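For reference, the structure is listed below as structure tokens.
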Amino acid sequence: MELLYQLAWLIPVLPLFGATVVGIGLISFNQATNKLRQINAVFIISCLGAALVMSGALLWDQIQGHASYAQMIEWASAGSFHLEMGYVIDHLSALMLVIVTSVALLVMIYTDGYMAHDPGYVRFYAYLSLFASSMLGLVISPNLVQVYIFWELVGMCSYLLIGFWYDRKAAADACQKAFVTNRVGDFGLLLGILGLYWATGSFDFGTIGERLEGLVSSGVLSGAIAAILAILVFLGPVAKSAQFPLHVWLPDAMEGPTPISALIHAATMVAAGVFLVARMYPVFEPIPVVMNTIAFTGCFTAFLGATIALTQNDIKKGLAYSTISQLGYMVMAMGIGAYSAGLFHLMTHAYFKAMLFLCSGSVIHGMEGVVGHDPILAQDMRIMGGLRKYMPITATCFLIGTLAICGIPPFAGFWSKDEILGLAFQANPLLWFVGWATAGMTAFYMFRMYFMTFEGGFRGNDQEAKDGVLQFYGLLPNFGPGAMNVKELDHEAGHDDHGHSSEPHESPLTMTFPLMALAVPSVLIGLLGRPWANQFEAFIHAPGEVVEHAAEFEWGEFYVMAGNSIGIALIGITVASLMYWQHKFDPKVLAEKFPSLYQLSLNKWYFDDLYDKLFVQGSRRVARQIMEVDYKVIDGAVNLTGLVTLVSGEGLKYLENGRAQFYALIVFGAVLGFVIVFSLT
């Protein structure tokens, strides 16, 4: 087994090798590489499959009690400065390796069906493999410098994949927005890393925590400075995990192809922020103000994401705001000291949210056969309905994911979310109440999505409904790449003339198999965290923490907390059923009764508008003023210098006439002038 640990560096290198080989092929032999599309896909999937096998073996060995393993080499040295690079395999990294490789493998299989007709099929696989390599490198990083390197690489891959369809303006704008927003958090992270090194002289997670605590307790370092440095580091996870106020990029990231929405923006990259908080736990935990900041940031983000998701009509954006909300739960858990609970929810959420996103892609794939390849129409739930009849596998898997995220037992989300709420009640009842209310909203908007998409009658052939959607957005149809028939771009003509069917269809096996595979952990994996026999907590717990099991499990307390969680979820489900399935209440009446709240949710709390006015328009105004200064002052000074040189040159050229007696006269005049001046003084 020691050989496996010594070769663990291959886990991130294998997908990197796949991406490199295919990438070189695309650059050097583009046409030939694209013709061998499925061979390239199988090659990349095989590389990742090998990484999954190695990751699974490492996780199993860690479960059996193998000690943590670290392999380091000295990368840079100058005097007392030593920087080491390498990898570490411990309980947390082994778990994350399996999560990343398993979800990535299923997403790559799914991609073969979803991107089958896209001309960028091979390029997409190369990007996916590069991302998988970067994410795997991140989770085995032993220090902050290496984390930061891979942190930026996953950000770059996110940029490439969000803007994959770069000829669509919305996608090009979205990848820039994601990149710029994440740079704000990453700048804070970089400052925090440098500040912590200045204070402690180390980049190692555990060493930083020990030394920082010692410096603060001895009075050498101010507690306020330590808190500021820790909060600067936390800015990185705030951006990467889409926490308030840097959450605005994630919904726009849905402009990328759906497989990357599942892999990057639901299961792995956005969870990297929570992972970094876990790694930095020895630094954060001793500083109460930092822990409170983390807890309340997560709590407010969970509430914010849920309130916006209530009114979303785009199926992917609804899931995006749901992701923001669930990430808020994880961050809140880390802030209240519920280390194990936060990471448990990270694991369960990775599987059921990846499945939900892939289900949404399956729905979009089916809808495109009816409404065409305009993402506005193909993704809007108002023209779906009744899809359970046509897409039973997708509908069943989406229902499983919905029950899991709503916290209905025995599905995975119940055990992880209920544990967070129970510990939040012990830490701060206010945090519990907000989380509890958010759980009710989660149940409402998720079943709203399910009922609007899969129940009732199919509305995809209703031209009036489609026109209403286009009118709502105030946009003309915007057909994206991937249309299989040029005639499909003619939106106004009838469907029969364009090869469109009048009914959606179930997706191929390459797309439905990953859904069914992800449904298994979405149902069963939560049982690892049963509170009376919490195997997950026994395996994953905070550094230095000793897990103590109570002699007797408090069933009464469990029934009260679980009953509250299930009760609020059932209320949310019931309200959604009455509105969107049984149609006992008209949601429009409620929107008209509370127009301010409805508009607040529909307009995403106006954060995009506020940021546009403050930062986008504000920076443009500043840029225009700087341009005026540059034009009038800087350019004026430069031009004036040139003018003075020109005029003086024009004047002086007449002195250079080539006559010696004229030069002698000038010399005589100059000498005479000096004599007169000195005689007077």
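Cβ from N, Cα, C; glycine included.
Sequence-distant neighbours of the transmembrane segment (39-59) (same chain, 6+ residues past either end, Cβ-Cβ under 8 Å): 4-5, 7-8, 10-12, 14-15, 17-19, 21-22, 25, 33, 89, 94-95, 97-98, 100-102, 104-105, 108-109, 111-112, 121-122, 125-126, 128-129, 132, 136. The transmembrane segment feature in Swiss-Prot is assigned to 39-59 (among others).
Feature annotation from Swiss-Prot assigns transmembrane segment to 144-164 (among others); the stated evidence is sequence analysis.
Sequence annotations record features per position, and here Swiss-Prot assigns transmembrane segment to 188-208 (among others).
Only residues 6 or more beyond the boundaries of the transmembrane segment (219-239), in the same chain, are considered here, and those with a CB under 8 A from a CB of the stretch are 151, 181-182, 184-189, 191-193, 195-196, 199, 212, 245-246, 249, 272-274, 276-277, 280, 283-284, 287, 289-290, 293-294, 297, 331. Summarising the annotation, Swiss-Prot assigns transmembrane segment to 219-239 (among others) and lists sequence analysis as the type of evidence.
The transmembrane segment annotation in Swiss-Prot covers 289-309 (among others).
Residues 92, 95, 99, 237, 241-243, 270-271, 273-275, 277-278, 281, 284-285, 291-305, 413, 415-417, 419-420, 423-424, 427-428, 431, 435, 438, 525, 528-529, 534, 536-537, 540-542, 545 of the same chain sit 6 or more residues outside the transmembrane segment (327-347) yet have a Cβ under 8 Å from a Cβ within it. Here Swiss-Prot flags 327-347 (among others) as transmembrane segment, drawing on sequence analysis.
The annotation transmembrane segment is assigned in Swiss-Prot to 352-372 (among others). Distant neighbours of the transmembrane segment (352-372): 103, 106-107, 110, 113-114, 258-259, 261-263, 265-267, 315-316, 319, 322-323, 326, 378-379, 383-384, 387, 390-391, 394, 397-398, 400-402, 404-405, 411-413, 453, 460-461, 466, 477, 479, 483, 488-489, 491, 495, 498, 500-507, 511-512, 514-515, 518-519, 521-522; these residues of the same chain sit at least 6 beyond its ends, with a Cβ under 8 Å from one of its Cβ atoms.
Annotation source Swiss-Prot lists transmembrane segment at 395-415 (among others), citing sequence analysis.
Positions annotated as transmembrane segment by Swiss-Prot, on the basis of sequence analysis: 420-440 (among others).
Look at Swiss-Prot and you will find 509-529 (among others) tagged as transmembrane segment, backed by sequence analysis. Below 8 angstroms of C-beta separation, residues 103, 106-107, 109-110, 112-114, 344, 347-348, 351-352, 354-355, 358-359, 361-362, 365, 393-394, 396-397, 400-401, 404, 410-416, 419, 535-537 of the same chain, each at least six residues beyond the ends of the transmembrane segment (509-529), sit close to that stretch.
Swiss-Prot lists 558-578 (among others) with the feature transmembrane segment, giving sequence analysis as the kind of evidence.
Positions annotated as transmembrane segment by Swiss-Prot, on the basis of sequence analysis: 660-680 (among others).
If one looks beyond the transmembrane segment (395-415) by at least 6 residues along the same chain, the residues whose Cβ comes under 8 Å of a Cβ in the stretch are 322, 326, 344-345, 348-349, 351-353, 355-356, 359-360, 363, 387-388, 439, 442-443, 446-447, 449-450, 453-454, 512, 515-516, 518-519, 521-531, 562, 565-566, 569, 572-573. Most Cβ pairs within less than 8 Å of the transmembrane segment (558-578), among stretches 188-208, 420-440, 660-680, belong to 420-440.
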